[in-house]
Protein chains: 4
Amino acid sequence: MAGNTFGTLFKLTTFGESHGAAIGGVLDGCPSGIEIDLDAIQIELDRRKPGQSAIVTQRKEPDTVEFLSGIFEGKTTGTPIGFAIRNTNQKSHDYSHIKDSYRPSHADYTYDQKYGFRDYRGGGRSSARETASRVVAGAIAKQFLSAIKINAYVSQVGDLTLEKEYQALDLTLTESNPVRCPDPETAAKMESYIKEVRKEGDTIGGIISCVVQNVPIGLGEPVFDKLHAELGKAMLSINAVKGFEYGSGFKGVAMKGSAHNDQFKSDGSTKTNHSGGIQGGISNGMDIYFNVAFKPVATVIQGYETIDKEGNMVQTKGKGRHDPCVVPRAVPIVEAMTALVLADYALLNRTIKV
Amino acid sequence: MAGNTFGTLFKLTTFGESHGAAIGGVLDGCPSGIEIDLDAIQIELDRRKPGQSAIVTQRKEPDTVEFLSGIFEGKTTGTPIGFAIRNTNQKSHDYSHIKDSYRPSHADYTYDQKYGFRDYRGGGRSSARETASRVVAGAIAKQFLSAIKINAYVSQVGDLTLEKEYQALDLTLTESNPVRCPDPETAAKMESYIKEVRKEGDTIGGIISCVVQNVPIGLGEPVFDKLHAELGKAMLSINAVKGFEYGSGFKGVAMKGSAHNDQFKSDGSTKTNHSGGIQGGISNGMDIYFNVAFKPVATVIQGYETIDKEGNMVQTKGKGRHDPCVVPRAVPIVEAMTALVLADYALLNRTIKV
Amino acid sequence: MAGNTFGTLFKLTTFGESHGAAIGGVLDGCPSGIEIDLDAIQIELDRRKPGQSAIVTQRKEPDTVEFLSGIFEGKTTGTPIGFAIRNTNQKSHDYSHIKDSYRPSHADYTYDQKYGFRDYRGGGRSSARETASRVVAGAIAKQFLSAIKINAYVSQVGDLTLEKEYQALDLTLTESNPVRCPDPETAAKMESYIKEVRKEGDTIGGIISCVVQNVPIGLGEPVFDKLHAELGKAMLSINAVKGFEYGSGFKGVAMKGSAHNDQFKSDGSTKTNHSGGIQGGISNGMDIYFNVAFKPVATVIQGYETIDKEGNMVQTKGKGRHDPCVVPRAVPIVEAMTALVLADYALLNRTIKV
Amino acid sequence: MAGNTFGTLFKLTTFGESHGAAIGGVLDGCPSGIEIDLDAIQIELDRRKPGQSAIVTQRKEPDTVEFLSGIFEGKTTGTPIGFAIRNTNQKSHDYSHIKDSYRPSHADYTYDQKYGFRDYRGGGRSSARETASRVVAGAIAKQFLSAIKINAYVSQVGDLTLEKEYQALDLTLTESNPVRCPDPETAAKMESYIKEVRKEGDTIGGIISCVVQNVPIGLGEPVFDKLHAELGKAMLSINAVKGFEYGSGFKGVAMKGSAHNDQFKSDGSTKTNHSGGIQGGISNGMDIYFNVAFKPVATVIQGYETIDKEGNMVQTKGKGRHDPCVVPRAVPIVEAMTALVLADYALLNRTIKV
């Protein structure tokens, strides 16, 4: 638990600060012989990258990944896949407004206290830029798990809620709008709202829902490494996440057992799926679904008072091009982390043919 | 991730089935020289044990722990602490009603599918009885972390919600009633409700809230092993848990950044604490607080239809003495897992004097 | 690396001091459905136990193992296998001669310095008694790896060397004599020599050789976790071991590459086997063989001068019933650790059918 | 144990094939605030690089490391240190002589069998080129452990043995000759011998000895992760290593306990040091010393018969510029791995101030 590695057998280690030379990672344990579609990886990166639409940050970063090892003649070799994404223009910024003061609800203060020292160029290691490396590895995991379908989408922005369950949605519409909400009508409302918030120089939170279909029975390792426990950790490790629930989630609390229990059909599937596809920490073959809550981005353009390193109160304001709402760009990150979790369990489980 | 070990440096491995010879564990990595109060450990076990009040299962199990190693002359030696809790009467039961059929929303089906084979005596390894081992280790972790205060309590049963924030509660009252809700009035309502549900042969879910005070600044390891990510995993690994949120949680989604940001005071503390004591995955010295959602227990006494191993539909009903609501007994488990997480981070963090 | 766990997927954690209540362990990750022959496990324990012949320590310990979990109806369930071996008579000893002084070349001094505190009853955790737990787990690993043959034997005692290579030996004779040397003539000489050393109140070192046959091709994980690297670590973790070499070993140093290279036959096997069955850290299907060097036991009956906790020189002497030579009893330990290593690699390697 | 990561808290993951785009690694867990001397890192790389003298391979590779993250304003930040070394000219080679056949005593055959597929450009992942990444990380570990002195040197080439113990040597002379033997007279003989072997188109093995001084008392984690066990694994993970011994090593086997035991002085140090600075797996403050045996390099220029993928016998010969003896270039690798092991134990041991 040195902190920068995720997974046991399908194992990603990431490195890089937002304004250093590069970010990147090493994906170790990917089986050999997997054909890698490099374009598909870049498409995932493009879903996450800044500047893709009017409702996300207008920073320009191409986020082009270079693979340094582990792929030969288009296939994985079974050796570690090293990759890097160069940071562009990382030297041109002016950090004087944050160098000596701590932005509220960022990690500036805690990093400085923990490490006695901080890379003050933007978020440094705590920047969500790090998640681009997760998207690369997740895209490879998706190709390894080609039979499994992972679809995340935005289901809430502020208090605008998508009231439909995933079964009532056409998930192929998720990419049809910049919010990544598969219901066009709700998406339009959310988009307007995000624009409004941006104009105020403010930010707003949101929820991403994720559905995983065609999961083989038997993934998950009791008792501490239950499938949903690791999914929860994976989601909570994404910047700005404040909560995770799966299946009936927090709403299930108010149900009685007789109603909550998922009765079996004769083929082993269940009539309802309050369990969210997981029983006793092990997948049961039904759809896995869960929600991930994201707080409003901490960088606001409005002025505020904060402290400097000496504890003096100083007046400052956010600068630059920030995301008014993080969830549209976080959809591919949720999918990537889901894929990494499932790939790891697939390797841990010898009995399953993925 | 073989599944039965939790932690990196302060590391618990548990073993045991509900109806085998014993459950127990090995706690490795506990520093030497910690004075161990054995009575305090037994008190924690007694908070979790069956039969302690009228609203929990009436099974009788003494849950007496025997330490096999690692403690000498009243102090930890730095070597692994092995311990066992004997299962009593484990041979006298009749399992014919579950041997060949799968109970809905239990782990019977998934264990059988995963392992090709199942210990059908009660829940076997998937039984919440395993958590007694966690309580033992957590009680030791609490003694290691003596300066840190960990208080969990029941804040919701069904849709009966404790509306007060933890700051408005007297947490010393948690143990004053069998529900473990620190607000006596709400506790009384919850108790009546649980009794009512039990009479129906049914079960109901609940929420446990947990507050951690006096946490040193700097606990947590970015980026994957953020403090709240590991807390989330720890909670989600407890039987019947469906969701986790910390700080502003799911409600924070609807807040704007300008309101959600926690403004600093000159001493580094913050005026509000939507962050829940954690920024960038690292503790900032403010109180950590979080909620854990538990589903209704799957064992109901009412009759139901299910399948047997051959996929035939069979009629059956729950038997024996079950918990109508799991949260009163789960309070010490939530505290134990919290203590285990914090102890591990304390050891991982060389810069902190616990 | 908290220290008391070995293996990644087939994972043993041990606990226990020589004079505490019990020693034991948890074996996690053993696949389900393996039929367990309990007698075969006890036979391995009996090969290691004290008092089995005239050339080992005359202490009496029955070393009876009790399984607490993970085995049901004669088969492994896939859940952790907890087990304990009670220490008998652990309270009757007199430790006054070692309580306040440090025995030379034991771990008394380093444990005290590291932990600030020491279980002074015998070796405590540093006692070779801990290896009984390894033998239990190794015996289960052997049953899991039933197709693989692991044979260790004594090949040197002091400077009495068994000059024959393993191919020239009948390894079924290893158990025919108390030394566990498969060449009866050499065994007799070794036995006499050990008796002579014991009469002097002294001890002597030795070498154990081990041969592993029918190993599938492909076990081992480059680059840090090469098969021979992990075998080396496993052997070096056994009490009193000072060296490890495999294949041509230290003698290979003086060979030229043209002679040392193992030329292929058309079936992929090799004409010679200086590689010791491992190339690039991965098994190649040829026999694996290696040597393990054991120092003379540190407990001698002769008087000696040492220091106490305050650094005063004190005169003392060894006491009780010690092993004049450790290798006869260490043969099953070498086999057990070999089995644990191979079982772990077998699980790590998805491509191999064990 | 995915294979490409070494260490628990001070943790190196490497990537890269000999003829891919780059090799490199991620060093995670290095404490913050360590001042990094980049020149000192390059000096270590230069000690390992090809073409440095007449007795090593004449390939030209600059081995220039680029740091991508984790160092800011000359100091470590506590975040992962990513780095890469570009492979130069990696596309210009002709691999037709090895593409379809297996070189004896290389990893060609085992990689192909294990992964079903092989990067046939040179050694690929099994090439010793990977060790350059270890040297980078080891150089950082050395700077972290600045008080500890680690000196490796060549003590044997073929059967030319340096007869002096390390105490009788001036270890500052190690770098004074291309063999890296601190005894100039012996070095000259070794150098001539290596040249002779190279003329024959052959190769020869050797031994590297290593001495570690100023080690704090208390490093090492019983029972499986004994300090010498991890050192042994670290050394055995280096390409071409066949054996490891520490302290009295294989020679200690023939000693009696009364002579082998290291008697204490009143300050806790010992009169002799057969223990090699480690008792019970924990450092005791005395010098740690050990030997590492390297086989003759498998690439010989002489013609030989081998098999192709279909099992046909084919006639071939080694090509290009190989090392006639690997030990001169392996000295910095032995030191690097030693530093990595010690850095990890230093972090694991909270009681020690490094």
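Each Cβ is built from the backbone N, Cα and C atoms, and glycine gets one as well.
Lifted from TrEMBL, the feature list:
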{"type": "BINDING", "residues": "D:Arg48", "note": "NADP(+) binding site"}
{"type": "BINDING", "residues": "D:Arg125, D:Ser126, D:Ser127, D:Asn239, D:Ala240, D:Gly280, D:Lys295, D:Pro296, D:Val297, D:Ala298, D:Thr299, D:Arg321", "note": "FMN binding site"}
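In the three-state DSSP classification, D:Val297 (FMN binding site) falls within coil. Neighbour list (D:Arg125 (FMN binding site), Cβ cut-off 8 Å, at least 6 residues apart, same chain): D:Gly16, D:Glu17, D:Ser18, D:Tyr111, D:Asp119. Taking 8 Å as the upper bound (exclusive) on CB-CB distance to chain A, the binding-site residues D:Arg48, D:Val297, D:Thr299 give none.
Taking CA atoms as the reference points, D:Lys295 (FMN binding site) and D:Arg48 (NADP(+) binding site) are 18 Å apart. Among D:Arg125, D:Ser126, D:Ser127, D:Asn239, D:Ala240, D:Gly280, D:Lys295, D:Pro296, D:Val297, D:Ala298, D:Thr299, D:Arg321, the residues given in the record as binding FMN, the maximal Cα to Cα distance rounds to 45 Å. With an 8 Å limit on C-beta distances, the binding-site residues from D:Arg48, D:Arg125, D:Ser127, D:Ala240, D:Lys295, D:Val297 that reach chain C are D:Arg125, D:Lys295, D:Val297. The Cβ of D:Ala240 (FMN binding site) lies under 8 Å from the Cβ of D:Ala128, D:Gly205, D:Phe294, D:Lys295, D:Val297, D:Ala298, D:Val326, D:Ala330, each on the same chain and at least six residues away in sequence.
Taking only the Cα positions, the spacing between D:Ser127 (FMN binding site) and D:Arg48 (NADP(+) binding site) is 14 angstrom. Neighbours of the residue listed as 'NADP(+) binding site', defined as other CB atoms within 10 A of its CB across all chains, total 24. Each residue contributes its Cα atom, and for D:Arg48 (NADP(+) binding site) and D:Thr299 (FMN binding site) these two points are 18 Å apart. Counting Cβ atoms from all protein chains shown, D:Lys295 (FMN binding site) has 27 others lying within 10 Å of its own Cβ. According to DSSP, D:Arg48 (NADP(+) binding site) is assigned to a helical segment.
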